[in-house]
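Student: Pulled the feature table from TrEMBL, pasting it below:
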- 7-27: transmembrane segment (TRANSMEM)
- 47-65: transmembrane segment (TRANSMEM)
- 72-89: transmembrane segment (TRANSMEM)
- 95-122: transmembrane segment (TRANSMEM)
- 134-154: transmembrane segment (TRANSMEM)
- 194-216: transmembrane segment (TRANSMEM)
- 237-254: transmembrane segment (TRANSMEM)
- 292-309: transmembrane segment (TRANSMEM)
- 315-337: transmembrane segment (TRANSMEM)
- 349-372: transmembrane segment (TRANSMEM)
- 378-398: transmembrane segment (TRANSMEM)
Amino acid sequence: GSALRWFTTAVLYAAFLGLGMTIAILGPTFQDLARNVNLNMSSLSEIFVGRAVGYLGGSVLGGILFDCVNHFLLLGVSLLATTLGLHLVPFCKSAVLLVVMMSVFGVSYGTMDTGGNVLILALWGDKGAPHMQALHFSFALGAFLAPLLAKLALGTTVSAENHTEPDLHPPALNQSPEAGPDPLFAAPDDLNLLWAYASVGAYTFVVSVFLFALFFKKPSKHGKSTASAQVSRRAKYHKALLCLLFMFFFFYVGAQESEAAGLNSIFWGTFAACRGLAIFFATCLQPGTMILLSNIGSLVSSLFLVLFDKNPLCLWIATSVYGASMASTFPSGISWLEQYTSINGKSAAFFVIGGALGEMAIPAVIGILQGQYPDLPVVLYTCLGSAIFTAVLFPVMYKLATWPLDLQQKENRSENQKTLPPSSGI
């Protein structure tokens, strides 16, 4: 029924809020985790690679399993794995083990990202655009709340950091000869680190319980009807559209991560705020219109960033506009494609992987180019190039999606005119 559908949607929002917190908790606790495994921060950068690889694997795995396993069971198991990982991370005394744990987070995130998007479409169909925006806003909100939560948990440690820093070396020296026989798991020296992860883990556990409850509830009738409706609606150029959206998200997410690395706080602030506003805009604007407006905003703001990169005020304003413009693009892109063709688990996994690869590849390329051309604002040029590419690509995607439909509508109109009696008026 309608109540169950709303309850399911609320649980999905809560799950994505937890995922946002899980992903973002790493940043503010990174130094503490490095200290926990007796390494400096630069030596522990592999955990980001592990998480990214896990995310790719989870997206593929989720896409395959989502079409043959109960949706709620799969999402519940994914979130339960996240809960387990969150509780174990502070106990990791080995860098390798920590990388493995972060990979588990990545797998869970990839599975949830793929599955959550498909499930929202299955629940709401053509009316899913606002809910898709709300789903991704929940993730952004979680990512915003996690550093605040970490600051509360680690507040005493951070304030006493200057006092504790000189004392870090003697324990490290004492532990180094015993590094061999030391267990892989041990209680962290700083219990506040444990509380930071355990609090997020407790939240994700509660949400996973609700997902398992939905699994036992068996809301299969609605799922079957939407699935059969989706199978019947398949665009003529279904695979070509998926490939183009893959490229679209590759450049969009890659540019998003690159710009975020430059002016982090203002970008993510406007990004999260506008994802919230996009929920309301999606109720009165078509997904295609929102993508068009986002593309225009990204193009204009990135052009201003390149032209006036020496002007601090212009830099901050243009970055704010850029973050606002990119906020609704990903959920709008999924909602837009759903209007023209069916999106199953494998389809969703395909373009989610496109975004993940862009997130990994484009910042890496920027890092190489910035090293070769230190005087040039490579990040800004990349953002402009990506904005131009996505602005050109979307009309091509739109034409590809609507052209066969236009022909079908004309054929249907002509057939209807033949079958309708003359007295039928309009």
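Note that Cβ sites are derived from N, Cα and C of the backbone, with glycine treated the same way.
Mind mapping these onto the model and telling me what they sit next to?
Tutor: Residues 33, 47, 51, 75, 79, 82, 86, 102, 105, 108-109, 112-113, 116, 119-120, 123-124, 131, 134-136, 138-147, 149-150, 196-197, 200, 203-204, 207, 210-211, 214, 219 of the same chain lie 6+ residues outside the transmembrane segment (7-27) yet bring a C-beta within less than 8 angstroms of a C-beta in it.
For the transmembrane segment (47-65), the list of distant contacts is 23, 26, 33, 74, 78, 98-100, 102-115, 345-350, 352-353, 356-357, 359-360: same-chain residues at least six beyond its ends, Cβ to Cβ under 8 Å.
Counting same-chain residues at least six beyond the ends of the transmembrane segment (95-122), those with a Cβ under 8 angstroms from any Cβ of the stretch are 8-9, 12, 15-16, 19, 22-23, 26, 33, 37, 39, 43-44, 46-63, 65-66, 71, 74-75, 78-79, 81-82, 84-85, 88-89, 128, 131-132, 135, 184-185, 223, 226-227, 230, 334-335, 338, 343-345, 348-349, 352, 356.
Only residues 6 or more beyond the boundaries of the transmembrane segment (194-216), in the same chain, are considered here, and those with a CB under 8 A from a CB of the stretch are 7-8, 11, 14-15, 18, 21-22, 25, 29, 70, 72-73, 75-76, 79-80, 82-84, 86-87, 89-91, 146, 149-150, 153-154, 187-188.
Non-local neighbours of the transmembrane segment (237-254) in the same chain are 326, 329-330, 333, 337, 340-342, 347, 350-359, 361-363, 382, 386, 389-390, 393-394, 396-397, 400-401, 404; each lies 6+ residues outside the stretch with a CB under 8 Å from one of its CB atoms.
Sequence-distant contacts of the transmembrane segment (292-309) (same chain, at least 6 residues past either end, Cβ-Cβ under 8 Å): 255, 285, 315, 317-319, 321-322, 324-329, 332, 377, 380-381, 383-384, 386-388, 390-391, 394.
Below 8 angstroms of C-beta separation, residues 117, 121, 128-129, 132-133, 135-136, 140, 241-242, 245, 248-249, 252-253, 255-256, 259, 262-263, 266-275, 277-278, 281-282, 286-288, 290-291, 293-298, 300-302, 304-305, 308-309, 343, 348, 351, 355, 383, 390, 401 of the same chain, each at least six residues beyond the ends of the transmembrane segment (315-337), sit close to that stretch.
Residues 241, 244-245, 247-248, 251-252, 254-255, 258-259, 261-262, 288, 291-292, 295-296, 298-299, 302-303, 305-306, 309, 322, 329, 362, 365-366, 369-370 of the same chain sit 6 or more residues outside the transmembrane segment (378-398) yet have a Cβ under 8 Å from a Cβ within it.
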